[in-house]
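Annotated in TrEMBL:
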BINDING   ASN18, TRP19, LYS20, GLY188, SER228, GLY249, GLY250  substrate binding site
ACT_SITE  HIS110  active site, electrophile
ACT_SITE  GLU182  active site, proton acceptor
Amino acid sequence: MTVTKDGGYVRTPLIAGNWKMNMDHVQGITLLQKLAWTLQDAKHDFERVEVAVLPPFTDLRGVQTLVNGDKLPVRYGAQDLSEHDSGAYTGEISGQFLAKLGCSYVLVGHSERRALHSEGAELLQGKIQAALRHGLVPIVCVGEPLEVRRSGEHVSYTVDQLRETLKGLSAEQVAGLVVAYEPVWAIGTGEVASEQDAQEMCAALREFVAQEFSSEAAEGLRLLYGGSVKAANAATILGQTDVDGVLVGGASLDAAEFANIVRFEHHVVA
Ligand SMILES: O=C[C@H](O)COP(=O)(O)O
């Protein structure tokens, strides 16, 4: 992350926990309570380092009630949304509904949805537009599979994926987005990309945004790294100039571990 002269950050770091299809609505409340208490006990400055959780849809009402009732400074969001706002789309969830539940964020194009639900660029463009229509910040996920990494084409592959996914957006819209670089081979495998890998890709994505949209868009855009992030490796990854946060899967299901990732500034590995 880029640090200013007074020790602040150029872009507010975002530590987001993607619970995936884990934690029912009762377990979700317990996890969030533990996380919030741990961070509040540690006097975490939520303005300095932002914290968000992305639970299953069925947990969102409970999360909203807890966050509002206890005035928790934690943001939350969903793992997907429909490109439509309402109508005969059985099983889909509208961004309008997510906004009404107080969501701030929504994941778009996570590699598990791209692979398991064949989500392609055109659909994802529609989902980004739907999120923006309802004031949700899309966390747009990109990243290469193992065979692409092995071929050495990972940067151009991932930049092209982002180019396709962001088609139709204005520079102002891109400036407010979050993009998560998640190499598919590092997700849930324990195989973490090196900090140099994370920096190389995030720098390339920011450069692409500067060229394709504007330098303001590139400066505003927050870039996260995701893939087997834990407390033990978070500080090193977050220390990279172009990495503005992390998207955490498995480790976000453990309140103490996730709290330690959030508190990465206190766990800097020499
Ligand atoms: O959305 C999160 C990513 O898929 C990373 O998951 P992971 O931390 O379990 O590897």
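Cβ atoms are placed via backbone N, Cα and C, with glycine included.
Rounded to a whole number, the distance between the Cα atoms of the residue listed as 'active site, proton acceptor' and LYS20 (substrate binding site) is 15 Å. Spatially close to GLY250 (substrate binding site) yet at least six residues away along the chain are GLY188, SER228, judged by Cβ distances under 8 angstroms. For the recorded positions TRP19, HIS110, GLY249, a Cα to Cα distance of within 10 angstroms from GLU182 (active site, proton acceptor) holds for HIS110. In sequence order, ASN18, LYS20, ILE187, GLY188, GLY226 are the residues near GLY249 (substrate binding site), counting only same-chain partners six or more apart with C-beta under 8 A. Looking at the residues that bind substrate per the record, ASN18, TRP19, LYS20, GLY188, SER228, GLY249, GLY250, the two CA atoms farthest apart are separated by 14 Å. Ligand 1 lies under 6 Å from the Cβ of ASN18, SER228, out of the binding-site residues ASN18, TRP19, SER228. Each residue contributes its Cα atom, and for TRP19 (substrate binding site) and HIS110 (active site, electrophile) those atoms are 13 Å apart. Secondary structure from DSSP puts ASN18 (substrate binding site) in a beta strand. Here the recorded positions are TRP19, LYS20, GLU182, SER228, and the one ringed by the most other CB atoms within 10 angstroms is GLU182. Fewest Cβ neighbours within 10 Å among the recorded positions ASN18, HIS110, GLY188: this applies to GLY188.
Of the chain residues outside the substrate site list ASN18, TRP19, LYS20, GLY188, SER228, GLY249, GLY250, ILE187, VAL248, ALA251, SER252, LEU253 have their Cβ within 8 Å of the site's Cβ mean position.
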